[in-house]
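Taking it in order: structure first as structure tokens, then the write-up.
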Amino acid sequence: MSNFTEYGNLCTITEKFQFHSTGHGTKGVFELLSGWRRTRENLPFKDRVADAYSDVMVSYTMTSSLYFIAFGMGASPFTNIEAVKVFCQNMCVSILLNYFYIFSFFGSCLVFAGQLEQNRYHSIFCCKIPSAEYLDRKPVWFQTVMNDGHQHTSHHEADPYQHHFIQHFLREHYNEWITNIYVKPFVVILYLIYASFSFMGCLQINDGANIINLLASESPSVSYALIQQKYFSNYSPVIGFYIYEPLEYWNGTVQEDLKTLSQGFNTVSWIEQYYQYLRVGNISATNKSDFISILQNSFLKTPEFQHFKNDIIFSKTGDENNIIASRLYLVARTSENTQREAVELLEKLRPLSLIQSIKFIVFNPTFVFMDHYGLSVTMPVLISGFGILLMLILTFFLVIHPLGNFWLILSVTSIELGVLGLMTLWNVDMDCISILCLIYTLNFAIDHCAPLLYTFVLATEHTRTQCIKNSLQEHGTAILQNVSSFLIGLVPLLFVPSNLTFTLFKCLLLAGSCTLLHCFVILPVFLTFFPPSKKHHKKKKRAKRKEREEIECIEIQENPDHVTAV
């Protein structure tokens, strides 16, 4: 029964996983804050809020829709893993709440903050900010606390967000370094190493889960499982074979059928012991009355066979006794890969219970895990593949540039395969938590790569390098802030004494790290020498400039006094 208790803990771990739904919400918060800071401070706060929403909410709406659809697939009746279904249902609710929170309450907070900034009130204490002359006469700590964070000479400059330290670092240092021609070869080599390890890990995916990973780190069950795997791993779990109908055990045909079903197993069976008892004593029991009479009055009263009394259920109808149910135990000889062979054994025995003339069921508490992990490899591959395909179809309707779709699919696929391969190399099996993390990684990658890619694709600068610099400058701060807060939020998981929680930490750490690697290293380099080309933007600008010059010449020729007037 302890195995059932451990299986019940899966739902508890799934509930712990729900706090990661805030990752999508914090992404919207950071993007909206970034859009707010890009607005001019001398504008009315209503215009600033409108500009921020128009800049951010289109992409956030698209990613929220993809999140909702992807987790909606996991919450559908087609998902046969209950923990995954419950998690996806909760995630769908969380995504809706996050979206309406960003769209309503957080927008109201921005309006309130805009009013405070416009009237020069402190954002925390809500009091009037003193004048510069007054602050100069006060101590440094008072100046630090009461300062509004803006220089008075540049309080109404066009883009005050440029002074943010992350924005300054990206613009002045990182953008120049990552687009340097001498850095690009090393990035290509880094990606080849990343792809090689990911591919190697994908070839080593375990098609079953180690039960030890489902147990608490310090529980006695771990010690038992380790000893069992070390010394008795060549034997399958003890399988209960339950016959739940009256059966003519004295019939030779029934006896042959039972031998056929138990062929290849080591059996602990009252039936075999009873047949052996009859053969040794040269006793004939070819009819029902003799078979049951000898079984009750002689065999089960012998001391070495008395323990079989609990394996046989008798019923008495008048003066006649009947056997209405019985059980025996089977143990299969297996190789070292006990988990996989036990799953195959289960898949072999269950269909027999449907087609045989003998009605029986087979069960062992570990079958709960075997049922759960029989599809542990195919499920994440099918869900992730279908999710990518659905994302491709939807983005064709939600965005205006097909190359943006193409790059987004490549990026998400690379991140998904990277997480899948690297977590296998990190000794993470395909259990319930890793499946949930793969589903989450799909959406996490879309959420962070999509704004960066579409800003690059739709940019109108002369060169790809300048386009990727502007994209990083516009979205890099929000991406870095969100992924950093996401990774910092994983630190408490290290102190939870649970193997499942540690698996959760590994998978989500890989998801955040691979996404950060693609957004800040791989994509900025690859986009500089792969399509889309920016030459057509040069031609358009040259044509517009030439047309503007021709119009100016015509105006000067028609009205030469205009130049003098100007």
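Backbone N, Cα and C atoms are what each Cβ position is placed from, and that goes for glycine too.
What TrEMBL says about a protein is an automatic prediction, not a curated fact.
Listed in TrEMBL:
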- 1-112: domain 'SSD' (DOMAIN)
- 57-79: transmembrane segment (TRANSMEM)
- 91-113: transmembrane segment (TRANSMEM)
- 181-203: transmembrane segment (TRANSMEM)
- 381-400: transmembrane segment (TRANSMEM)
- 407-427: transmembrane segment (TRANSMEM)
- 433-457: transmembrane segment (TRANSMEM)
- 478-496: transmembrane segment (TRANSMEM)
- 508-530: transmembrane segment (TRANSMEM)
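For the transmembrane segment (508-530), same-chain residues at least 6 beyond its ends with a Cβ under 8 Å from one of its own Cβ atoms are 20, 174, 178-179, 183-184, 187-188, 190-191, 194, 407, 411, 414-415, 418-419, 422-423, 426, 437, 440-441, 444-445, 448-449, 452-453, 456, 464-465, 467-468, 472, 476, 479-480, 483, 486-487, 490. Contacts between the transmembrane segment (433-457) and the transmembrane segment (57-79): present, as 3 or more C-beta pairs lie under 8 angstroms, all at sequence separation of six or more.
Residues 194-195, 197-202, 204-206, 380, 384, 388, 391-392, 395, 434, 437-438, 441-442, 445-446, 449-450, 453, 457, 506-507, 510-511, 514-515, 518, 522-523, 527 of the same chain, all 6+ positions outside the transmembrane segment (407-427), place their C-beta atoms under 8 angstroms from a C-beta of that stretch. Per-residue pLDDT, averaged across the domain 'SSD' (1-112), gives 72.
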